[in-house]
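Worksheet: one structure, shown below.
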Amino acid sequence: MAAACRSVKGLVAVITGGASGLGLATAERLVGQGASAVLLDLPNSGGEAQAKKLGNNCVFAPADVTSEKDVQTALALAKGKFGRVDVAVNCAGIAVASKTYNLKKGQTHTLEDFQRVLDVNLMGTFNVIRLVAGEMGQNEPDQGGQRGVIINTASVAAFEGQVGQAAYSASKGGIVGMTLPIARDLAPIGIRVMTIAPGLFGTPLLTSLPEKVCNFLASQVPFPSRLGDPAEYAHLVQAIIENPFLNGEVIRLDGAIRMQP
C-alpha cells in the first residue's frame, strides 16, 4: 500500500534566506498552511520584522549560513521554540557578475569574489544540511519512517551558465551534484533530500532592474512567458514535503527556458 502524503500542518521548517524572495514566500506559504517557520537570515536582513508579520508561528534567527556557530544557534532556537526541526529549505545565496578574463578592461575574475560565492551558496548550503541532519536524526520517525526533509535551491545556471556566471554556476552546479549522494547518505535515517533549480523569478534581485530589462527577461521564457512568482517556488516546496517518494532529485522550475550565452 502506498504511504499517505504528509501534510505540512504542524511541521517545523527552518528557511535560510527567509527574510526575502523565495525564502520569504516559502515561509508565508508554510505558515499559512499551519506549519511553524524559523527565518534564518543575516542580522540586517529585516527578518525580524517579517517574522512578526507572520505571527506567533514564526521567529527570526539572525545567522550567516557559512558559520557553524550561527547555524547551531539558529537550530537551537528552533528547537527551543518549537520542539524540533522537520524541514529545512536552503534559499540563501549571492551572485557576482564577472568574466573569467575581461580583455577590454584587462581584468581577471578575482579569487576573492569566486571564493565568496562558493562559500555562501555551496559551503553554506552544505553547512546547514549537515547540521540540520543531526537535529532531524533525533526526531521520532513517522509511520513511513521519515524523520525530515531537506530542500536546496540550485539554479538553471547550474546547467546553462551565462557569460559572467562562472562562480555562480559553479556554486549551483555543486548543489546539483551533491543532491543524490547526500540523499543516499541520509536515506538510512529517513531524511529526504531534494533540490529545486529555479529559472527567472520575480525576486528582489530581478525586480530591482529597470522595467524594460525585466520585460525582456520575461519574454525569454517559453511558457508562461513571464517571470516566475516566488509563490510558485513555495508551492513546489510544499509539494515536495508532502510527497514522500520524492528523493534525491533536482526539479527545474523554469517555464521551459534554456538560457542562452
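Just so it is clear, glycine is given a Cβ too, placed from its N, Cα and C backbone atoms.
Residues SER20, LEU22, ASP64, VAL65, CYS91, TYR168, LYS172, PHE201, THR203 are given by Swiss-Prot as NAD(+) binders; from ASP41, ASP185, that same site also lists ASP41. Same-chain residues at least 6 positions away in sequence with a Cβ under 8 Å from that of TYR168 (active site, proton acceptor) are, in sequence order, ALA95, VAL96, VAL117, ASN121, SER155, ALA157, GLY161. Contacts of ASP41 (NAD(+) binding site) defined by a Cβ separation under 8 A and a same-chain sequence distance of 6+ are given as THR16, GLY17, GLY18, ALA19, SER20, GLY23, GLY47, PHE60, ALA61, PRO62, ALA63, ALA92, in order along the sequence.
In the three-state DSSP scheme, LYS99 (N6-acetyllysine) falls into the coil class.
In space, LYS99 is the closest of the recorded positions LYS53, VAL65, LYS69, LYS99, PHE201 to LYS105 (N6-acetyllysine), judged by Cα positions.
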